[in-house]
Amino acid sequence: MNDLVNLLDLDADALTAYCGELGEKPFRARQLQRWIHQFGASRFDAMSDLAKSLREKLATRAEIRSPAAITDNLSADGTRKWLLDVGNGNAVETVYIPEETRGTLCVSSQAGCAVNCRFCSTGKQGFSRNLTTGEIIGQLWMAEFAMREQLGRGPKDDRVISNVVMMGMGEPLLNYDAVVPAMRLMLDDNAYGLSRRRVTLSTSGVVPMMDRLSKDLPVALAVSLHASNDALRDVLVPLNKKYPLAELMAACRRYLEFAPRDFITFEYCMLDGVNDGVEHARELLKLVADVPCKFNLIPFNPFPESGLKRSNNDQIRRFAQVLMDAGIVTTIRKTRGDDIDAACGQLAGEVKDRTRLAERGKFGKITPLVPVAATGQAGEARPA
């Protein structure tokens, strides 16, 4: 059994408390945090300004460990996707998306997902477990320093990753106690120093936790809407049966009182013949009439056995035009990295399926598809 404390699990307050338990003053925690999150150090003996006595204590009591990479794939368009091992046959996905003025990392919060949206590959896997704070922030830690090795730092010695979206596998608000400390580290100037406007949490609409987040750590909010009425959303997003649209819209209005942005982003997956009619767009206008918002229309990314099809481009444009004619800012998400993956969650689902087969004796051992050595500082092997 591993009794070492993973320091990636600790935000600033928790790290200060831990150093106090070791008999160290608070400034040592700040030094340690900088080494980990600003410089990507994974070895205590590399932390040259820490007292030797502290380094020796840490070497026997603590570790810095992020999930190990099973695969690491780079698309022709610059998108980079990691499949990360979180144990017991479970894997999660992390994606870096380059754009002209920013680099965005899409982070997972759970292995699997209990919400089970009709169009989501992750939901079809079922729910395995919540990720720890260290497994969540570890995705940013791993990706930032991997991207620095690939691209170098920016012209002003900037970080490569300027934005984080909690839009990967899982429902973040159903893993609140691990997600919030991870986001605190993202915002901490002594760690990643992102602004609240540059960290976006996406939720399917867990209303009580939206209210809690608005008071604890109001970051930018995206809501997975995907339907214009309750009858349709009950089918596409089963959580709607618990928190119907009227409650969700009221929660969005309350959140805006605290939000760093003056609008909510509504995500809407475009499904051919299901939710993509002009009548659905007009119904949306009534639904969001008193919620300052923008829409992000997402072409459906097909996966096996979904039984759904992507709306064609002309239909997506017609749908978008209805919203834009009403004055709502509307974007159509570009499909990225098509040459390295399919739907979000599909690679992780393949690992889980292979694990289940192995447990039934059809495979002897689960081996990585493409073994990758993630690194911390240049030339430094990152521990598995």
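Cβ atoms here come from the backbone N, Cα and C positions, even for glycine.
Annotation source Swiss-Prot lists active site, proton acceptor at E93. E93 (active site, proton acceptor) counts 23 other C-beta atoms within 10 Å of its own C-beta, drawing on all protein chains shown.
Taken from Swiss-Prot, the feature active site, S-methylcysteine intermediate covers C344.
According to Swiss-Prot, the feature [4Fe-4S] cluster binding site maps to C113, C117, C120. Look at C113 ([4Fe-4S] cluster binding site): DSSP puts it in coil.
For G170, E171, S202, S224, L225, H226, N301, the entry in Swiss-Prot reads S-adenosyl-L-methionine binding site. Under DSSP, E171 (S-adenosyl-L-methionine binding site) is assigned to coil, being neither helix nor strand in the three-state scheme.
According to DSSP, C106 (disulfide bond) sits within a strand segment. Per Swiss-Prot, the feature disulfide bond maps to C106-C344; the stated evidence is sequence analysis.
What Swiss-Prot lists as domain 'Radical SAM core' is 99-339. Summarised as a single figure, the pLDDT of the domain 'Radical SAM core' (99-339) averages 95.
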> Between N301 (S-adenosyl-L-methionine binding site) and C120 ([4Fe-4S] cluster binding site), what is the CA-CA distance rounded to a whole number of Å?
Replying inline: 9
> What's the CA-CA gap between E93 (active site, proton acceptor) and G170 (S-adenosyl-L-methionine binding site) in angstrom, rounded?
Replying inline: 10
> Nearest to L225 (S-adenosyl-L-methionine binding site) by Cα distance: which of the recorded positions C106, C113, C117, C120 is it?
Replying inline: C117
> Between C106 (disulfide bond) and C120 ([4Fe-4S] cluster binding site), how far is it from one CA atom to the other, in Å?
Replying inline: 16
>> Within its own chain, what residues at least 6 apart in sequence put their Cβ under 8 Å from the Cβ of E171 (S-adenosyl-L-methionine binding site), listed in sequence order?
In response: S109, Q110, C113, A114, V115, T203, S204, V206
>> Let me check the 10 A CB neighbour count of C120 ([4Fe-4S] cluster binding site). How many other CB atoms are there?
In response: 24
